[in-house]
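To start, the structure itself, in structure tokens.
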Amino acid sequence: MEPLGNWRSLRAPLPPMLLLLLLQVAGPVGALAETLLNAPRAMGTSSSPPSPASVVAPGTTLFEESRLPVFTLDYPHVQIPFEITLWILLASLAKIGFHLYHKLPTIVPESCLLIMVGLLLGGIIFGVDEKSPPAMKTDVFFLYLLPPIVLDAGYFMPTRPFFENIGTIFWYAVVGTLWNSIGIGVSLFGICQIEAFGLSDITLLQNLLFGSLISAVDPVAVLAVFENIHVNEQLYILVFGESLLNDAVTVVLYNLFKSFCQMKTIETIDVFAGIANFFVVGIGGVLIGIFLGFIAAFTTRFTHNIRVIEPLFVFLYSYLSYITAEMFHLSGIMAITACAMTMNKYVEENVSQKSYTTIKYFMKMLSSVSETLIFIFMGVSTVGKNHEWNWAFVCFTLAFCLMWRALGVFVLTQVINRFRTIPLTFKDQFIIAYGGLRGAICFALVFLLPAAVFPRKKLFITAAIVVIFFTVFILGITIRPLVEFLDVKRSNKKQQAVSEEIYCRLFDHVKTGIEDVCGHWGHNFWRDKFKKFDDKYLRKLLIRENQPKSSIVSLYKKLEIKHAIEMAETGMISTVPTFASLNDCREEKIRKVTSSETDEIRELLSRNLYQIRQRTLSYNRHSLTADTSERQAKEILIRRRHSLRESIRKDSSLNREHRASTSTSRYLSLPKNTKLPEKLQKRRTISIADGNSSDSDADAGTTVLNLQPRARRFLPEQFSKKSPQSYKMEWKNEVDVDSGRDMPSTPPTPHSREKGTQTSGLLQQPLLSKDQSGSEREDSLTEGIPPKPPPRLVWRASEPGSRKARFGSEKP
């Protein structure tokens with residue numbers, strides 16, 4: 001018996017995990033799964049002495065000897081990750097199948113199709129096993145599936161329209177949620193007082209709690225529907241922003257009423273504490289999100305040597321903000337939204353382009369997978385035995401949800417329109433009220449109710465599922481035809497060009513200046529103040545210095561400098577026609593506008609002049625938004641190529657004589673009142689005294705000097721001996737020179753020279769008066785022949801005897 005005693009002494013302190021390892025190595029293959037499941041339980045509960053069969057002799061092993069298996073099946077070992085992978089694969093294949101037929105997602109929202117797939121799977125599971133399918137746990141929803149969706153929504157949210165409408169969004173989210181919660185709760189409590197319905201055991205606080213959770217407008221359902229109808233940006237940001245902040249308010253009200261239901265007596269101080277908790281939860285979540293967003297930006301400032309881990313910080317800090325807020329019982333939705341918006345502004349400038357692309361794709365992938373799993377599990381969890389049907393409670397719940405939602409939107413809009421520059425129209429109000437879709441937030445909160453405190457929990461679950469399915473299926477399917485029927489303004493699908501964005505920024509600065517002069521503190525005023533504070537403090541602290549510029553922009557800068565040097569060397573600058581000279585030559589016949597057209601123009605201006613400009617495209621979950629810097633760089637490169645192509649084409653159209661003259665001429669532009677060297681000043685005096693310029697020539701704004709000497713020719717009637725170069729006034733038509741025409745022009749008469757005046761201006765502005773140029777245009781304008789621009793009076797260095805003008809005769 002001594003060996004048995006030795007075995008007992010060895011077996012007593014043996015850890016259970018070591019026994020499991022021994023079972024895996026030496027146990028029979030067929031009984032491996034059963035051994036893994038039952039071995040710890042048998043070890044922990046067995047207290048009987050071992051049987052004689054278990055006693056082993058010295059030198060023998062405890063287990064029977066087994067051979068090496070060829071094939072082994074161990075499903076319990078990988079059950080959880082295997083099933084999760086299959087669910088995600090099934091959801092992804094379902095989405096691929098929906099989008100194979102392009103017309104199906106435009107008719108039926110994707111959320112409806114996913115719920116139908118979940119209902120089908122739940123029915124199959126319930127029919128085979130005759131048990132309720134596994135319901136999604138609320139902790140799994142709130143801790144793992146909801147954060148990626150909110151992170152994606154906050155990170156890619158158009159921040160400027162959001163902050164321009166922040167007052168209206170908070171008005172709908174806070175006051176509107178209180179309106180709906182209290183209205184639905186009190187109305188349902190009135191229905192419960194009717195004894196015929198059998199609902200007298202439901203108290204007022206329970207109805208208020210149910211009203212708060214049923215008022216949750218789900219951003220997942222809203223995004224799934226509104227991404228396909230492409231409404232205008234203002235309407236989209238109002239509905240989406242309200243649904244995002246509405247969830248945070250709903251969760252706060254839910255926890256508040258849940259705490260009241262668990263109290264035996266409620267005092268006045270508890271009510272004030274609940275109101276204070278309402279603001280603390282929301283503001284605390286925002287502060288946590290902004291703080292961790294700043295830390296993320298500061299961390300990525302030092303990752304320029306380790307680019308691989310840059311995307312990791314974005315997801316870690318955002319998820320850390322969510323779980324930190326939940327740890328302190330603050331609003332995790334507000335925290336992760338604020339963190340995402342902060343990182344979008346600062347982190348993007350620190351990370352590389354490849355890291356930014358990784359962040360975008362991975363974030364879109366996580367949110368799409370989470371959204372798909374939520375809708376499928378909603379359908380699966382619907383099928384089961386956890387329902388209680390009551391016609392009165394279910395029907396009145398649906399009616400009160402629709403009624404209080406519509407009343408709340410119309411009443412609150414009448415108040416907020418008094419403070420809005422752009423009032424919301426009746427069509428916008430109707431779409432906002434119609435877009436109050438319920439979804440996963442409401443579904444998870446109703447399953448989270450404790451059954452001990454709420455004996456009619458199954459009735460609440462049934463009513464919530466009916467409201468969710470009605471809003472997602474009926475309202476979600478019919479909202480697109482309604483938008484088309486009401487002719488609601490759609491989103492602008494055209495991307496802004498670089499010039500348009502420059503003009504938009506110019507208008508912003510102008511409006512900021514106007515507000516500053518008027519003493520009005522509007523959006524532009526506060527945006528300008530924040531930008532100054534951001535440039536002075538935040539960007540210096542959070543953004544890495546010596547940021548590398550885009551290679552395309554640097555290449556464009558080098559090409560422009562090289563092209564400018566070539567133009568200066570070849571004299572092409574002096575021959576390029578100016579906009580002012582072309583504009584003076586162009587005569588357009590403007591048709592008189594009729595009174596009906598004038599009224600139509602006024603109506604269009606009054607409707608669209610002060611509208612918020614469409615700066616971004618509508619949200620689309622299945623495609624990524626174009627990067628602004630990449631689009632601008634591409635446009636700059638395209639414009640550069642186009643300008644080079646036009647310059648080459650224009651240069652090739654010049655005749656050979658003009659090319660020869662421009663290649664040998666050198667022009668120098670001097671500003672007004674520039675002191676010339678003594679020799680040049682002497683020559684200019686001789687030229688003016690010679691009668692080749694008028695008194696107004698001395699007041700010219702710009703002097704163009706041709707420094708290339710021409711052929712020397714002398715006229716005896718002007719000079720008795722050979723004299724050095726002097727400066728003469730020449731008439732030069734820039735448009736004819738540029739277009740390569742050989743049409744001779746008549747030199748101006750002395751009378752016209754005396755009549756013409758020079759105006760101070762830039763190098764390429766016309767130097768003739770309007771009357772003189774107009775008279776010449778009348779003579780030259782004929783049908784089918786474009787008008788000739790007026791000649792241009794310039795200083796030119798030439799030989800005194802040279803009377804040959806560029807556009808004149810050589811007669812002495």
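Glycine is treated like the rest: Cβ placed from N, Cα and C.
Per Swiss-Prot, the features are:
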TRANSMEM  80-100  transmembrane segment
TRANSMEM  107-127  transmembrane segment
TRANSMEM  138-158  transmembrane segment
TRANSMEM  169-189  transmembrane segment
TRANSMEM  209-229  transmembrane segment
TRANSMEM  237-257  transmembrane segment
TRANSMEM  278-298  transmembrane segment
TRANSMEM  308-328  transmembrane segment
CARBOHYD  Asn350  N-linked glycosylation site
TRANSMEM  361-381  transmembrane segment
TRANSMEM  392-412  transmembrane segment
TRANSMEM  430-450  transmembrane segment
TRANSMEM  459-479  transmembrane segment
COMPBIAS  648-660  compositional bias 'Basic and acidic residues'
REGION    648-701  region 'Disordered'
REGION    733-812  region 'Disordered'
COMPBIAS  757-772  compositional bias 'Polar residues'
Intrachain neighbours beyond the transmembrane segment (80-100), with Cβ under 8 angstroms and 6 or more residues off its ends: 110, 113-114, 117, 368-369, 372-373, 376, 622
Nonlocal residues around Asn350 (N-linked glycosylation site), in sequence order (Cβ under 8 Å, 6 or more apart): Ala297, Thr300, Arg301, Thr303, His304, Glu310, Leu542, Ile543, Arg544
Most Cβ pairs under 8 Å with the transmembrane segment (459-479), selected from 169-189, 237-257, 308-328, 430-450: 430-450
Same-chain residues near the transmembrane segment (430-450), Cβ under 8 Å, at least 6 residues beyond its ends: 111, 135-136, 138, 141-142, 145-146, 172, 209-210, 213-214, 216-218, 220-222, 225-226, 231, 235, 238-239, 242-243, 247, 250-251, 254, 258, 374-375, 378, 381, 401, 405-406, 408-410, 413, 424, 457, 460-461, 464-465, 467-468, 471-472, 475-476, 479, 482-483, 486, 488
Range from 107-127, 237-257, 308-328 with the greatest count of C-beta pairs under 8 A to the transmembrane segment (169-189): 237-257
Contacting positions for the transmembrane segment (138-158) when only residues 6+ beyond its ends and CB under 8 Å are counted: 219-220, 223, 233, 237, 240-241, 244, 315, 318-319, 322-323, 326, 332-333, 336-341, 343-344, 363-364, 366-367, 369-371, 373-374, 440-441, 444-445, 447-448, 615-616, 619, 625
Stretch-level contact, the transmembrane segment (209-229) and the transmembrane segment (361-381), CB cutoff 8 A, at least 3 pairs: yes
Close approaches to the transmembrane segment (361-381) from elsewhere in its chain (Cβ under 8 angstroms; 6 or more beyond its ends): 87-88, 90-92, 94-95, 111, 114-122, 125, 133-136, 141, 144-146, 148-149, 151-153, 155-156, 220, 223-224, 311, 314-315, 439-440, 443, 447, 468, 621-622, 624
